[in-house]
């Protein structure tokens, strides 16, 4: 009888089994391990914790990680919307293949992407030799790797919105005297904005924690090209578990807020669709 | 969240003729998009295969039949065989509980399932190091019983389970939500038991979504690097997965060998993309 208070009655079987298994699995595999971060952090003194997470080398890594992830997510929004637009609105040879290729960054192991990009952008590489500035082993290289990793998010968020978009709204805007650019800014952009923002946030969140594709192209110089996940790795290799855990706790809290933000955005997107 | 691609059913038909841009604008937009995709996607892919064969087919063949490479391939397969079915089972159970019943705390459960996507893979590895290292929660217990988890295969399996576990669940939850449970209720009313209903009613309905989730889960399990890197200990021939083996070769300047192994993984990635598109197409036909 107590069960009914928190669960609505259903004639379908398997509630206890499926929820029980799910809860056990999630608790053992995710909650218990993640709790270790906070348990271990809590055993540090506040002064120690603050000193660890505000050390200049750590702060430099936050700045780099945030800056590069932000830049990459911005590039992804611009080109992601462009690619989604081109794939939905225009027809050209090879479109289906290109549409499928967009998901390559999700399918390709990050380490493979990392060594490929480093080879391309190294000073003697296919692309690097034509550039007058250094790309590999600089923040620009990091941004390129993060752009690669985040590319599919914006495209895949915006594409379905454009597909379902009622083109009569554009025609109405054109009949009312707006030119194509005005129609784009005033009719189409507001419609795809929530999806584009969600894609941006997803790409940003992924870029913030990315490790595999970045370590090869970054050069990993402390204070200059050392991203936060790499710093955690370095501390672990030196058996500085407390230091690694403290930085991880900061990143976890940031990730958690990003997750809340993304859920909020998705709720906004759904509401937009529900009333239109 | 990160890494989650919703299954898309829609076709890629071009828009209507009205309200279109002038030809020159269209041409410029298509060129810009294709140039970007060429630079960021196609060129890296080409670079992998060309560099892999740079020193000839002999070096290529030697690189992928090297004992260390073979043991890395075997370990990666072992990890996939252990993690993907477990996470598929979890995905189905979680989706069943979440979509077929109303209970308190449901949205918290959905958020928790999303968590591994939002967390850096390095942190995913770190948490298992904290649990199983000599100073960790289970450190003493494991030492007394002489069980090795960290820097051994079980640690790699656990870390991979962690980073890949949302894929199937995230694919099935929206799908089963949109399907509702009218068909299952009908089946039960007609006298079928729970398992029969699941097997003959639910499973055929969700098979494409399930397969899609498994494909994505598999791709990530094969290629996971950050999390596995923390817990593996990099012992050659024992705890090196394919991505870790590539890293070692690359850092030793054995570029041709590194790219040879990388090319195998790239072929797998391309197969993944092709399968994914076939599943999308099939799902579009049935959905």
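Glycine too: its Cβ is placed from the backbone N, Cα and C atoms.
Whatever TrEMBL says is automated annotation, not expert-curated.
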For this session: State the residue range annotated as transmembrane segment by TrEMBL; the candidates are B:149-169, B:170-190.
Result: B:149-169
Problem set entry | Proximity verdict for the transmembrane segment (B:210-235) and the transmembrane segment (B:73-96), three or more C-beta pairs under 8 Å | yes
Exercise. Where among B:23-53, B:73-96, B:108-137, B:149-169 do we find the most Cβ pairs under 8 Å to the transmembrane segment (B:255-275)?
Worked result: B:23-53
For this session: Could you name the stretch, out of B:23-53, B:108-137, B:149-169, with the greatest number of CB pairs under 8 A to the transmembrane segment (B:73-96)?
Result: B:149-169
Exercise. Taking a Cβ cut-off under 8 Å, which residues six or more beyond the ends of the transmembrane segment (B:108-137) line up next to it in the same chain?
Worked result: 1-4, 94, 97-98, 143, 149-150, 155, 158-159, 162-166, 169-170, 173, 224-231
